[in-house]
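These notes concern the structure reproduced below.
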Ligand SMILES: *Cc1c(COP(=O)(O)O)cnc(C)c1O
């Protein structure tokens, strides 16, 4: 563990990324990995993660916006970058200037991008997004409506270089029969489009459909790329959801704070805003320097979330404040100002996970991790 840093800090173990990538590769055969590093790599540090992924041989990245793509370019990442979402027209110029690949989120959007590229006399790289069931972006290709002509037309646009085709799973995490059937049908529809394009003499380019749960539950589907975000970070969305494979991931993020004050309180004294915790006996309380403005959700207050103080599991008490919260450290013999508290990670062989926080906050790890705020320094473990 690194030396303490300001109030609270996240430690990112980029070494563990290569272990996690190998675990993913065991599941996907020859399929290559497009590393999804959107939203600052879900709070883990996009540039640091992208650099570690490049060292693992990853040659494609996925981001949500042109801003995120430019951050990677400015950091010297020269691999392929696909923008999964929408780029506004006034930012189209970055696409050809910085050699960024744009998702064609609809047919009219592709026309607009092509018109721009024609006017500028440039070719813009793109992937065709096919909507096989998410109903978010892409040309709809579902049982109720199959817009194959539009997909074909995108490939024929004069100033777009359509180098790939992709779709996305909304329920690949769910092993109920209904949702497994839904996902399998999406895979069939995706195959159908690819075959139809080939029959028309069109090379579909690189094909990709699997997110993290698509990899864990559907394995090697024989496509060209898959798009994991969470998995190289060593976690799933929710460790209580059963999955079809048993990968051995190492979570790459740990979260720490400092003890700022230790004191005893008397029976009847209350702790924090709202006075929701009232001591029923003498209690040794440690104030620690992390709060909801760092990303520890206020929603988990008063639910006995355990953190590690000198390796001992101790419950939070009272409401989580903006920059601080309180912990019952009665069971820890020796606690002092400046001691390090582990909120996510391992300390003296004990482990607390992001999953514990996410379950109490009624959310998934994707959200908990990506909501660790910008003021929390990310320190790379070396
Ligand atoms: C975010 C995202 C992913 C990665 O999702 P994970 O569940 O983290 O693997 C893949 N594809 C698309 C289109 C996404 O938006």
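Count begins at 1; order follows the chain as displayed.
Cβ coordinates are placed from backbone N, Cα and C, and glycine is handled just like the others.
Copied over from TrEMBL, here are the features:
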type	residues	note
ACT_SITE	38	active site, proton acceptor
ACT_SITE	273	active site, proton acceptor
BINDING	136, 322	substrate binding site
DOMAIN	252-381	domain 'Alanine racemase C-terminal'
MOD_RES	38	N6-(pyridoxal phosphate)lysine
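Residues in the domain 'Alanine racemase C-terminal' (252-381) partition by DSSP class (helix H, G, I; strand E, B; coil) as 22 helix, 51 strand, 57 coil. Taking a C-beta cut-off of under 8 Å and a sequence gap of six or more, residue 136 (substrate binding site) has these contacts in its own chain: 168. For the recorded positions 38, 273, 322, the largest tally of other C-beta atoms within 10 A is found at 38. Note: the CA-CA distance between residue 322 (substrate binding site) and residue 273 (active site, proton acceptor) rounds to 11 Å. Put simply, residue 273 (active site, proton acceptor) is 35 Å from residue 38 (active site, proton acceptor) when counted between their Cα atoms.
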